[in-house]
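Input: one structure, supplied below.
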Amino acid sequence: MKSVQNVTILGSTGTIGVNTLNVIAQHPDKFRVVALTGNAQIDRLFEQCQQFEPEFAVVLDSAGAEKLHARIRQAGLQTEVLFGIDAMERVSSLPQVDSVMAAIVGAAGLRPALVAAKAGKRIMLANKETLVMSGNIFMEAVRHSGATLLPIDSEHNAIFQAMPGNYAGDLAHSGIKRILLTASGGPFRKIPLTELENVTPEQACAHPNWVMGRKISVDSATMMNKGLEVIEAHWLFNAPADLIQVVIHPQSVIHSMVEYVDGSVIAQLGNPDMRTPIAYALGFPERIDAGVSPLDLFKIGRLDFEEPDFVRFPCLRLAFQALRTGGTSPAVLNAANEIAVAAFLDGNLPFKSIPVLIEFVLEQITSQSVTVLEDVLRADAQARERASEWISMHTAVRV
Ligand SMILES: NC(=O)c1ccc[n+]([C@@H]2O[C@H](COP(=O)([O-])OP(=O)(O)OC[C@H]3O[C@@H](n4cnc5c(N)ncnc54)[C@H](OP(=O)(O)O)[C@@H]3O)[C@@H](O)[C@H]2O)c1
């Protein structure tokens, strides 16, 4: 590792972004922030600029950029303010940048993450949607440029840590039998199925173990998050769907496991705090302090495990189905899910209709093979259109 790493943080105003800056602030001698990006939270982005004095701050639209620019000038900071997705791509591939934290939420994070991969950066990948939508293109870009890819999702980070250090993408060759992907089961693991109809966004976002953004919190409640993670694990570790077992583990202490042919199962444990995988990736291959409280096994007392219930969690079934179908199917699944979750959060779709809508869209759009990014973007746009049509039709019927 270079003595001082220059870092761009995509999505610095979100949960992962804030946690990344928290770890960086603990090691001012090791990291320098080159660029920060946000969308709606201009005040938070300004405060981050004051604290870390990056060269660039990027927001999505010109109105946000104007507001941020005015505050930055008033404060006498030197940070240059840019806007638009092209600018987010630019700060992901600047020559002075060593590492990019890809922590924008949803499909919006795909293009800047891909540009960082093509530029051969060290990529700390939180945006799982990038791999779900365009896994083959992204992994090929990483291979071609020689980029270093470090997973931030706590489960994939755990698997990465439990894999042999020289893992080269061949499970059998490394003596690996299965990947055991743990899941908390979210806030609705135990509530009666009849009550799922009326759950509110607030209930869905109240995760028992993790503090996360609203979209991923709803994904955890439907277990679509785990489904997306199955697809993510497939691409990261070249693992077929049949060799990825989802294990419900309500305490979220074991973050995932790797089972070997000799019967060994290697697990990574820790408190549910995203600063652990973030610090792992920032420091890699060294270990740095994350500021996380030590794991107290006596206080935890017990660790429980259950099989996933595909009736309660149809989104998990749909994600396995999309992975097995392949091609553009996972991108369609992801786009339909993003529209469904946004509608649920806006009060325009009941919780139980989320999987119904996704299944409808998957049936409507035939999977195509993916060779270039445009194949993915076309499927993504089609799926969003179909999903939005379905919602307007059903909202109209309800009115
Ligand atoms: N949170 C977790 O514990 C966790 C764990 C594992 C993986 N992840 C993954 O990490 C990613 C980020 O999750 P999060 O929980 O940090 O989400 P979040 O709190 O909602 O933050 C999302 C970030 O993306 C920015 N953003 C939103 N829409 C954008 C757009 N259209 N263009 C550019 N930027 C946009 C947001 O800006 P503003 O806030 O300024 O609007 C914010 O900086 C997701 O892909 C998630 O699946 C999260």
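In case you wondered, yes, glycine gets a Cβ from its N, Cα and C as well.
What TrEMBL records for 7-135 is domain '1-deoxy-D-xylulose 5-phosphate reductoisomerase N-terminal'. The NADPH binding site annotation in TrEMBL covers THR13, GLY14, ILE16, ASN127, GLU129, GLY213. Under the heading 1-deoxy-D-xylulose 5-phosphate binding site, TrEMBL lists LYS128, SER154, GLU155, SER184, HIS207, SER220, ASN225, LYS226, GLU229. Here TrEMBL flags 149-237 as domain '1-deoxy-D-xylulose 5-phosphate reductoisomerase C-terminal'. Per TrEMBL, the feature Mn(2+) binding site maps to ASP153, GLU155, GLU229. What TrEMBL records for 269-385 is domain 'DXP reductoisomerase C-terminal'.
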I'd like to know which of the binding-site residues listed (ILE16, LYS128, GLU155, ASN225, GLU229) lie near ligand 1, counting only a CB under 6 Å away.
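Passing the 6 Å Cβ check against ligand 1: ILE16, LYS128.
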Check HIS207 (1-deoxy-D-xylulose 5-phosphate binding site) against DSSP and tell me helix, strand or coil, would you?
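Note: HIS207 (1-deoxy-D-xylulose 5-phosphate binding site) is coil by DSSP, not helix or strand.
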How do the residues of the domain '1-deoxy-D-xylulose 5-phosphate reductoisomerase N-terminal' (7-135) split into helix, strand and coil according to DSSP?
63 helix, 27 strand, 39 coil
Just to be sure I understand the packing, how many Cβ atoms besides its own are within 10 Å of the Cβ of HIS207 (1-deoxy-D-xylulose 5-phosphate binding site)?
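Taking all protein chains shown, HIS207 (1-deoxy-D-xylulose 5-phosphate binding site) has 19 Cβ neighbours within 10 Å.
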Taking just the CA atoms, what is the gap between GLU229 (1-deoxy-D-xylulose 5-phosphate binding site) and GLY213 (NADPH binding site) in Å?
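Here the two Cα atoms lie 16 Å apart.
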Could you say which of the binding-site residues GLY14, GLY213 has its Cβ with the most other Cβ atoms inside 10 Å?
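For the binding-site residues GLY14, GLY213, the Cβ with the most other Cβ atoms within 10 Å is GLY14.
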Work out how many Å separate GLU155 (1-deoxy-D-xylulose 5-phosphate binding site) and ASN127 (NADPH binding site) at their Cα atoms, rounded off.
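The separation of the Cα atoms works out to 13 Å.
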Compare the Cα of GLY213 (NADPH binding site) against each of the binding-site residues LYS128, ASP153, HIS207 and report the nearest.
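Of all the candidates listed, HIS207 is nearest in space.
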Which residues in the same chain, at least 6 apart in sequence, have a Cβ under 8 Å from the Cβ of ASP153 (Mn(2+) binding site)?
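LEU125, ALA126, LYS128, GLU229, GLU232, PRO277 - these are the non-local Cβ neighbours of ASP153 (Mn(2+) binding site), listed in sequence order.
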Report the same-chain neighbours of GLU129 (NADPH binding site): residues 6+ apart in sequence with Cβ closer than 8 Å to its Cβ, ordered by sequence.
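Within the chain, GLU129 (NADPH binding site) has Cβ neighbours under 8 Å at VAL105, GLY106, ALA107, GLY109, LEU110, LEU228, ASN334.
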Just counting, how many other CB atoms are there within 10 A of the CB of GLU155 (1-deoxy-D-xylulose 5-phosphate binding site)?
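Neighbour count, Cβ to Cβ under the 10 Å cut-off: 28.
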Cβ-Cβ under 8 Å from ASN127 (NADPH binding site), same chain, 6 or more residues apart: which ones?
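Result: LEU10, GLY11, ALA102, ALA103, ILE104, VAL105, GLY106, GLY109, LEU110, ALA113.
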